[in-house]
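**Student:** Structure provided below as structure tokens; questions to follow.
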Amino acid sequence: MLDANKLQQAVDQAYTQFHSLNGGQNADYIPFLANVPGQLAAVAIVTCDGNVYSAGDSDYRFALESISKVCTLALALEDVGPQAVQDKIGADPTGLPFNSVIALELHGGKPLSPLVNAGAIATTSLINAENVEQRWQRILHIQQQLAGEQVALSDEVNQSEQTTNFHNRAIAWLLYSAGYLYCDAMEACDVYTRQCSTLLNTIELATLGATLAAGGVNPLTHKRVLQADNVPYILAEMMMEGLYGRSGDWAYRVGLPGKSGVGGGILAVVPGVMGIAAFSPPLDEDGNSVRGQKMVASVAKQLGYNVFKG
């Protein structure tokens, strides 16, 4: 049994030590994100037996952004299976920025990773759907099943992103021309933009992590969301590419599958034990929350979790 006092102390200490850390800046290429108060910070744990521990602004709802890629990957694995995902998307780090076009050009148009923009747009196109609205509703539903029913599209975020997503539209057409997009290019880009524009709070983000940690069963609803056999593929992708250009450094220092988003959220999974999440808007040059990385790493270190430990 996990010690409740120890878990709350770990969360409290991480928040106290790092919630006012200086450094980084909000994402400024999406107007909505540029205006989120930079002083916000939160950290939370949700365990596989459904206990919740949090500190800071844990009720504040922020944009899911790139963490949505984990949810859509999970749905694609359910729809088409791991072999098709590997064949049609890939399972390798690109070694380049998350929005790189060069990565596509270097590999014949294949996106390699479902956790970079090109691969995520291709993954969105893999979802079984008869039209754009069905594709979107299925992706929203998997987000809600994984994290909580309160997850919802923000029209403000979506509008802010849809008016600035020209780079992703270009990526979608490159994928389409290379044969690595499996629906209409602008449909894929539209739905991908929507999936990044949902709002959730830090506890819900930790619940997403706990659902993965529990082999696909949401520990708060007790409902099976994913096949247990598909979860290791998600965690492997998170370990390789979850923090963009910092993924190797994160694996080396923290040793947990993770995923960040430019909305300031960051998630880590301790398989079989818990999800750890944090939120704070200022980002490093790779697009990861400066304080969030420190808070999650602190919790993991205090509790002694690292998947590479014996």
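Residue numbers in this text run from 1 along the chain shown.
Using the three backbone atoms N, Cα and C, a Cβ is placed for every residue, glycine included.
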**Student:** With Swiss-Prot open, pick whichever of Lys6, Lys294, Lys301 is annotated N6-acetyllysine.
**Tutor:** Lys294
**Student:** Looking at the substrate binding annotation from Swiss-Prot, with Ser66, Asn117, Glu161, Tyr192, Tyr244, Val262 already listed, which candidate in Asn168, Asn201 is the matching residue?
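**Tutor:** Answer, per Swiss-Prot (substrate site with Ser66, Asn117, Glu161, Tyr192, Tyr244, Val262), from Asn168, Asn201: Asn168.
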**Student:** Taking each of the binding-site residues Tyr192, Tyr244 in turn and counting other Cβ atoms within 10 Å of its Cβ, which one has the fewest?
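**Tutor:** Relative to the other binding-site residues in Tyr192, Tyr244, Tyr244 has the fewest Cβ atoms within 10 Å.
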**Student:** Give me the long-range Cβ neighbours of Asn117 (substrate binding site): same chain, 6+ apart, Cβ under 8 Å, in sequence order.
**Tutor:** Phe98, Asn99, His167, Asn168, Ile171
**Student:** Compute the C-alpha separation of Ser66 (substrate binding site) from Lys294 (N6-acetyllysine), stating it in Å without decimals.
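**Tutor:** Cα to Cα, Ser66 (substrate binding site) and Lys294 (N6-acetyllysine) are separated by 19 Å.
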**Student:** Can you tell me how far the Cα of Tyr244 (substrate binding site) sits from the Cα of Lys294 (N6-acetyllysine), in Å?
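**Tutor:** So the Cα of Lys294 (N6-acetyllysine) lies 16 Å away from that of Tyr244 (substrate binding site).
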**Student:** Far apart in sequence but close in space: which same-chain residues, 6 or more away, have a Cβ under 8 Å from Lys294 (N6-acetyllysine)?
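**Tutor:** Listed in sequence order, they are Ala14, Gln17, Phe18, Leu21.
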